[in-house]
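Notes follow the structure.
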Amino acid sequence: MPNEQENPETKPLNNNNNNGSNGSGTGSGKSAQSKPKIQPKYRIHRDVLTQEVVIKETGYAARDKSIPSSLLNCWRGWNFFALFTGIIPILQWLPQYSPRRDLIGDIIAGFTVAIMNIPHGIAYGILAGVSAGNGLYMAVFPVLVYMLLGTSKHISIGTFAVASMMTQKVVQSYANFDPNAVNATIVATTVSPLALLATTTTTTTTAPASPLSLIVESSAEGATTAATLLLQNATTTMLPHPANVITTLEVVTALAFTVGIINLLMSFFRLGTLASLLSEPLVNGFTTAAACHVVTAQLKDVLGVTVPPKKSAFKIVLTIIDVVELIPKTNLVNFGICITIIIFMTVCNECLKPCLSKRCRFPFPGELIAIIGGTLISKLCGLEENFHIKPVGDIPNSLPTPEFPRMDLVPMVAVDAIAIAIVTYSIIMSMGLTFAKKHNYEVRANQELFAMGVGNMVGGCFSCIPMACSLSRSVIQDQTGGVSQIASLVSASLVVATIMWVGPFFSDLPRCVLAGVIIVALKPMFMQVKELKKFSKQGKLEMFTWISTFLCVVLIDIDVGLLIGVCVSLLALYIKGLKPYSCLLGYMPEAPGIYMDMTQHRNVMQVPDTRIFRYCGSLNFATSLFFRRALNEAVGLDKNSSTKTVKTKTTYAQVAQNGGKSFDGQFVEASNSFQFLILDFSMLGHIDVAGCGTLSDITRELKTRGARLLLASPVDRVYDTLMHSMALSEGPFEIFPTLHDAVEYANAYRTA
């Protein structure tokens, strides 16, 4: 046996294996020390094998795809205890919970999130078209359900601006009676008997008392009687028949219950991967546009004017037109308070919170200070009576009694519930995956759907709107030391205490204060516009998806824009899948058996009289046309032309390497004549019968040219389909287990 050091095959491909003395630069000695003293070798000596021989030698058996076999395998894989603990994940992580290590962080995080939940619940409950109390309930009932059934340990379940805005659209579309508005009218008229006189004389013709006696009567009993008359008149004038009454709360609870049903159906049919269809540009553009809707909805509270709700498309444009027309009627005190809150919250978020976060574990409670200060000023100065500033209204001091939603409204809100279910799930799943990756644990998509389904159904029975998760609260919960959903339990307990003892205190809170808090809180969503630059670098389709989704949501409406964005995203996905990557391969002279893309690697050689075509993706009825076109362009395989030449990359490699010839230093293109066409299917994930038919057509065409088709490196599922198609009279196909086996077979046949 010759000395291995003298064997040329033992020489490494790069001659940088020096001792450091010949290196140029300071890093040569370090790089020499990091390499092994002996270059590893790669040497295989065996016969060329076909796929049929490999199948026989390895004892391969195709997977049984029959229904009885699938049911049997499913039954064998069941573990009822694991299934039970999987449905209730708290049984998995709670036994491993360490109070000494984790409880302090969860208590701090829960207390902090509760402070944020109070202003968020009040603001987003009103934004959804219901009362502030309904928003506070969101921080209790869905949170407790998710603590038991959810798999994410760090997200903060409750209200979210986008979900509230989508809920408001449904409320405005189907509700025809708002008890909160009637109560506010009654309160206003009890303060002013003259206004009550005008209202009663215009709405009814059978007044029980004369105008003079009504004016004189100003006692509490008279005001109560007048309020009763007004409620009766309002009810009879607004609603012709009690059977047609649909309150805002009934719409919201039916919507939440329907969203829960849809979440459970998605979980049952294992549609957890549906969130992957909502691409990042789609979600980013949609949430940014939804933030525009939220800000537009707050303009009336910023200026202190009354703008009728818009139920048709182009609501942002129509609302802005109405607001501009009402600018001369702006309540200056209302506007001044709102601007003050915006400035205060901006200073808190941009200056105070970053500075205090370096010295204190608790974040600065700017939102809570704003709503407490606004409530105190409203009570002390009488903003509603003296300056006509609209308050948030009554906030109950008790938890709601469970009540089943109206089931006759479920079909009415089903279509809107589908959009809300998908959007809220994508938000919860994206946030859950973010924290799971950061803290190294698993978030199960279908279990998240199950938790959302049960949470929404329970919330629908307790006067809640559809649940989502807040980006800001989730980040704060993680930053303040929260390690599990025990923090959510602490937060829910504090919110319950607030509702029971402090809730009515916030009844006088001006809505303009909440408008300022909401507008400032939406800054991170507007800053997502910066992501458009990243999407433009990823590709034109990503940028087009973002822009089209954003414009359609802003200009048309939330649900229509979301539908258009999903269609554009799926179309972009289809276009990417329809044009998979393909190339011609060449081999490295220094290392036989390694094949590279000839358009990207300069010094690879083309195998003589052989073309190697690599195709990535799937070969089916939808992509077969592109496959044929790409193959024709690569190797010059064209039915209608037998003299067509193919341009090879002779700029980087010598002409002889790529099959051409050289005359007096001039490059000549290689012709399309070859004896073998090898299709590298190592990156082919799927093939159907139509794809096999395409391969049969190529085989017959090559046969008329005196060439042969070889298939290399198919995965097992592709090989099974090829065998099945040959049983259906397609082919026959010559299949090899590796690309190198196919190349060596072609070389041996050519030189024989």
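Don't overthink the numbers, they just go from 1 along the chain as shown.
Keep in mind that glycine also has a Cβ here, set from the backbone N, Cα and C atoms.
Annotated features, as they stand in TrEMBL:
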type: DOMAIN; residues: 600-746; note: domain 'STAS'
type: REGION; residues: 1-39; note: region 'Disordered'
type: TRANSMEM; residues: 78-95; note: transmembrane segment
type: TRANSMEM; residues: 107-130; note: transmembrane segment
type: TRANSMEM; residues: 136-163; note: transmembrane segment
type: TRANSMEM; residues: 248-269; note: transmembrane segment
type: TRANSMEM; residues: 332-352; note: transmembrane segment
type: TRANSMEM; residues: 409-429; note: transmembrane segment
type: TRANSMEM; residues: 449-471; note: transmembrane segment
type: TRANSMEM; residues: 483-502; note: transmembrane segment
type: TRANSMEM; residues: 508-526; note: transmembrane segment
type: TRANSMEM; residues: 547-575; note: transmembrane segment
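Within the same chain, the transmembrane segment (449-471) stays apart from the transmembrane segment (483-502): fewer than three Cβ pairs sit under 8 Å, each pair at least 6 residues apart. Where the transmembrane segment (483-502) meets the stretches 78-95, 107-130, 248-269, 332-352, 409-429, the count of C-beta pairs under 8 angstroms peaks at 107-130. At the 8 Å Cβ cutoff, the transmembrane segment (136-163) and the transmembrane segment (78-95) share at least 3 close pairs (sequence separation 6 or more) and count as touching.
Proximity of distant same-chain residues to the transmembrane segment (107-130), defined by a Cβ-Cβ separation under 8 Å and at least 6 residues beyond the stretch ends, is recorded for 136-139, 156, 158-161, 163-165, 167-168, 171-172, 175, 180, 248-249, 252, 294, 297-298, 361-363, 365, 367-368, 370-371, 392, 395, 463, 465, 470, 472-473, 476-478, 480-482, 486-495, 498, 506, 509, 511, 514, 517-518, 521.
Below 8 angstroms of C-beta separation, residues 152, 155, 157, 160, 162-163, 166-167, 169-170, 173-174, 246, 250-251, 254-255, 257-259, 261-263, 266, 272, 274-275, 278, 283, 286-287, 443, 445, 448-449, 452, 466-469, 558-559, 562-563 of the same chain, each at least six residues beyond the ends of the transmembrane segment (409-429), sit close to that stretch.
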